[in-house]
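J.: I grabbed these lines from TrEMBL:
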DOMAIN    4-314  domain 'Adenosine deaminase'
BINDING   H9, H11, H189, D270  Zn(2+) binding site
ACT_SITE  E192  active site, proton donor
SITE      H213  site 'Important for catalytic activity'
BINDING   D271  substrate binding site
Amino acid sequence: MPIPKAELHLHIEGTLEPELAFALAARNGVQLPYADTEELRKAYLFEDLQSFLDLYYGLMAVLRTEADFEKLADAYLARAAAQGVRHAEIFFDPQAHIARGVGMGTVVEGLGRALDRSAERHGISTRLIMCFLRDQSAESAMATLEAAKPYLHRITGVGLDSAEVGHPPAKFAAVYEAAGALGLRKVAHAGEEGPAAYVSEALDVLGVERIDHGLRCMEDPDLVERLVRERVPLTLCPLSNVRLRAVDILEEHPLPRMMAAGLLCTLNSDDPAYFGGYVGDTFHAVHEALGIDPEGLRELARNSFEAAFLDGSAADEALRERYLAEVAAYEFE
Ligand code: HPA
Ligand code: ZN
C-alpha cells in the first residue's frame, strides 16, 4: 500500500479520463471533435496553461447531469484510494458549467452524492472547494458566490484558478471578503505562470491560508523567508508543471530546493487525467527523478495532512491525528 496522503489541489474536471469522456458523450448525445480516445490523448501536448485550458473547458461539454458529476467524482475517488489518498479537498469550476446551462445545484449535488459515500466506499474523507475563474469578471465571481448560497453546507472554501497572467488576486478582493464573511476557507492559485508578487498579493489582499502552486516564489528570497516563517502551505503539482512547461523537465523541478529552504510543500496531481499521473504516481516520480528519499516522502505526506482543512471540529482534529499517526507508522518497502 502506498504511503497515506491528502490531496489538496485537484480539479475534479481535470480527472475526466478519455474513456469516461466518450462514455458520457454517448449517453448525452454530445459530439466530441475527436474520433476516439486515442486521438483525444494525442491532443494532450500542451504549450502552456492556456492551451491546456482550451481543451479542459471544451471537454466539459460531456458533463450534463447530476449522475455525470457523481460518476466523475466516484471514478476519481476510486483511483485516488488505490494511490493512498485518505483525504481529498476537491476543486470545482461552477462558472464553466453555468455558462453551458448546467446549474450550480446539478454540479454540487452530483459531486455531493459521490462525496457522501466516499468514506465508506473508498476510505477517503473529502471537502469541496469552489473556484472562481480569474479570467472572468469580479462581478461574475460574486454572482457565483451568490448562486452557491443554498449549497454552502457542502462547500468548505473558495479558490481561484484559470488563466493567471493579467488577472492578479486583488481583482477578487471583494468576493474573497464576502466568502470569508460566510465562513468559507480561502486558497488561490498564484505563482504558477504569474509572478511571485501574485503570491504576496493573494496572502495580503485575499487573506488565503494556502497557495496553490506558488512555484515562482523561488524568484523572491524575501517571499520565501516569509512563507517559511508563516508556515504557508504550497500545494505543488510537479507533473502539471512539466506538462504546462513551467519547468522543462521533472529533473529540474525546484521541489528539493523548496524543501531544503524549509517551505511547507505538499504534492498534488492538479488535473491527473491530462498530466500523466495521479498523486501516488507523483510521489513515485519525484522519488525517481529528484531523489526525494523515503523520509522526504514522509515529510510531504505529513505536510499534506497538516495543511488540510481538518480543523473545523474536534472530530476533524481527531481524524487529522489519526492520519498523521498512519504516516508516522508507515513502513517503506
Ligand atoms: N491552473 C490554473 N487553472 C486551472 C488549472 C491549473 O493548473 N487546472 C484547472 N484549472
Ligand atoms: Zn490547479
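Positions of Cβ are set from backbone N, Cα and C atoms, glycine also.
Heads up, TrEMBL stuff is auto-annotated, nobody curated it.
Give me the structural setting of these features: burial, nearby parts and distances.
T.: The Cβ of H189 (Zn(2+) binding site) lies under 8 Å from the Cβ of R134, G159, L160, D161, E164, I211, D212, H213, each of which sits 6+ residues away along the same chain.
Around the Cβ of E192 (active site, proton donor), 23 further Cβ atoms fall within 10 Å across all displayed protein chains.
Within 10 Å of the C-beta of H213 (site 'Important for catalytic activity') there are 27 other C-beta atoms, taking all protein chains into account. DSSP assigns H213 (site 'Important for catalytic activity') to a strand in the three-state reduction.
Taking all protein chains in view, 23 other C-beta atoms sit within 10 angstroms of the C-beta of D271 (substrate binding site).
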J.: Among the binding-site residues H9, H11, which residue has the largest number of other Cβ atoms within 10 Å of its own Cβ?
T.: H9
J.: Using a Cβ cut-off of under 6 Å to any atom of ligand 1, determine which of the recorded positions H9, H189, H213, D270, D271 qualify.
T.: H189, D270, D271
J.: Whole-number answer please: how many Å between the C-alpha atoms of H9 (Zn(2+) binding site) and D271 (substrate binding site)?
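T.: On Cα coordinates alone, these residues lie 9 Å apart.
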J.: Compute the mean position of the Cβ atoms of H9, H11, H189, D270, which form the recorded Zn(2+) site, and then list in sequence order the other residues of that chain whose Cβ is within 8 Å of it.
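T.: In sequence order, the nearby non-listed residues are L10, G14, F91, D161, D212, H213, T235, C237, S240, N268, D271.
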J.: Listed recorded positions are E192, H213, D270, D271; which sit with C-beta under 6 angstroms of ligand 2?
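T.: Among E192, H213, D270, D271, near ligand 2: D270.
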J.: To the nearest Å, how far is the Cα of D270 (Zn(2+) binding site) from the Cα of E192 (active site, proton donor)?
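T.: Computed Cα spacing between D270 (Zn(2+) binding site) and E192 (active site, proton donor) is 12 Å.
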J.: How big is the Cα-to-Cα gap, in Å, between D271 (substrate binding site) and E192 (active site, proton donor)?
T.: 14
